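Since the structure comes first, as structure tokens, the remarks are kept for the end.
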Amino acid sequence: MAGTLVAQLLRRKPIVFQHHPHQGEELPRNLTTFQLMMFGVGATVGTGIFFVLGEAVPKAGPAVLISFMIAGFAAGLSALCYAELASAIPVSGSTYSYAYHALGEIVAVIIAGCVLLEYGVATGAVAVGWSGYFNELLHETIGWQLPDALSVSPIPGTDHVPTGGIINLPAVVLVLLCMLLLIRGASESAKINAIMVMIKLTVLALFSVIGFSAFNADHFSNFFAKGFTGVSAAAGTIFFSFIGLDAVATAGEEVKDPQKALPRAIIGALSIVSGIYLAVAGAGLAAKPASFFADKDNADAGLALILKEITGNEVWSTILAAGAVISIFSVTLVTLYGQTRILFAVGRDGLISKKFLEVNQRTMTPTFNTVVVSIVIALIGGFVPADYLWDTVSIGTLMAFSVVAIGIMVLRRTHPELERPFKVPGYPVTPILTVAACLYIMYGLAAITWVIFLIWIVLCIAFYWLYGMRNATLNHYTDPEEIAEPSGRRRDLEDERG
Amino acid sequence: MTYLVCYSPHKDDIGAIDLACQFARSEHDTVHALTVVPRGWETAVAGDTDRDFEQWAAQEGAASAAEALEVLARHTDVVSTATWVAGRSVPQAVCEQVDALGASLIVVGSGENGPRGYVTVTSKTDRMLHSAAVPVAIAPRGYRPVPDSRITRVTMGFRDDDASWTLLDLVASICARIGASLRLVTFAVRPRRMVVSAMRDDESDIFAQWKSQAQAGLDEAVTHLRDQGLVDVEAVLAQGRSWGGAMDSVEWGREDVLVVGSSSTHKLAQVFLGSSAAKILRNSTVPVIVVP
């Protein structure tokens, strides 16, 4: 009995490709390194930088700049490790699917839990941040804004001060709007994505230029006031803003020479993103003392408020708020989409209800899945304050990346024969360094974050124990076709050879 | 019941007449060709110009009806008539005549702006699609069926939803009556992908699941039809990257006709042609019947 249990917990999903490949259906995308790099920049910038300063600066003081570098360093290393795992397991999907194929069922369940935090909670957090900018935009354009009761969560933040809120209505409405779009089958085209990236970069550049014009060196005195504990705690929060860099890793098979192109694209994207973040954080600190960020009243729409105070003019802050409102909307759409697709993959493996697999015949979207996910995320966005959300997202992501880094080391030993179009440079130092960096940042996160995270993972495992274990597709499939992957680039190559 | 075919002297509507006769032959029904000419201004005191205009319109109408009769005369086995009416708007006049004549189907041509061999929806047809209470059949541009041919196969655009199931029984009963075979086609067009996504090839997974659901729906429909006694039924899942590609992947013959439902059952949605139906129309090389 115990033997079979362990066997089930450790069993790996075999890699089988569908028997009847429909030739010519795959969309070939031959990306250049530069395009891939820009893809990474576009996917990363915007998730956190618009809101994270108000959360991170109070923790680290001016040394928040160091925190940005640490978080960026960890994110870059993680992305490299992730890229190797993605290239070794040529199936569709995300970290969860790769883990199921490479590391076994129970690890996949834990990763699924982490990734649900990464995308689900991130969507909630981004929606809350959007709400702040939306309200600021309302205030500056029509002179009226939603009262606190309708724009702030009722649960007190980490400072335990009553909020006077009932529900964060804009966040709820935003998530539900994105749900409608996704149900209708909306997708963001390359062109729209490029426009969104331009909007984000433009408003951030605007902020930096104006911020530095109000440079005050005194704001950087007492640089390490909060010590290294503060720096690592802030790095944990900030890590959230680097989520999306892993998108580059999943696109690795779409470049001609992944071994060369991937690290260049990842490091290039990371440098650009870090550069932008440092400029924004530097400009913020140059313009306002660290104490400004600690004030709760300045937490919402922080960047816009700083612009308003520097220039004494509402034009710039209105432009920034408008840019944020438009581009964060697209970030919410994309992360919500990612979340539904991850659950779809989990449902395909039978670890959650097959209802999550039902695709609407007209719109070709998993409707039930999208509605359930959106409602849960809307509740998170509407009722949980952002303080808790960001750190939770970070811990989930960091844990997933640590497992990935350990996973590639395990795979190198257990399956040295696997074809790996991309191998992590500097093995084994890079994966070990990745684990160390992730653990260091996680160590700095608050105890409450750890408690939330562990409870969540225990819940995931309990759910697996009660449901997934019995209903896993691997338990009862008779035909390999049932678990076959619908696509895979390498399969196409084999077809061509064959 | 009769088939109402719209005939205009200034357009090449011979294809529409041929199509209507093809239907009539299959169903042993009659064809009525209708020309709509502009109606003059209703003035209290009709001046010379107004009377001239009305006379001119009447002459045009009569000439056109005569011309239509000539074309119809080629189809000796089909009982046909031709008339003209005056009206402010062609679609509106046609819809009124549908009620007056008790027509069961409107047949129109494709105009001359679209590519040859393809169905094009003209502005007048578009209006009829939105407001007519009966199905509208559109002949591709330059449609020339085999002389004296009938409809031998009906292809129905099928999607596993309530509207399609309702239409299915109707189409099946017509097929049984005219002795045509029925082919159900679900068009599987790959969805667009989200450009920035954490998932690799996620739309492939969704598409694969959609296809297996669609195939299950088709199988269920075929079983349902066989249970009803219709033997000559087949089902095809036509795949492609675009609607055109999916349509091209299906084999089309010269005695084929394609039936699509215009949209969902929702009252408001009926006003608009479904987006899928519109894409099917644009890419069809065989006559299409749009059922409201």
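Glycine is treated like the rest: Cβ placed from N, Cα and C.
TrEMBL lists B:4-139, B:153-292 with the feature domain 'UspA'.
The average per-residue pLDDT of the prediction over the domain 'UspA' (B:153-292) is 84, rounded to a whole number. Shown for the domain 'UspA' (B:153-292): DSSP residue counts in helix, strand and coil, namely 61 helix, 33 strand, 46 coil. For the domain 'UspA' (B:4-139), the DSSP-based tally of helix, strand and coil residues reads 61 helix, 29 strand, 46 coil.
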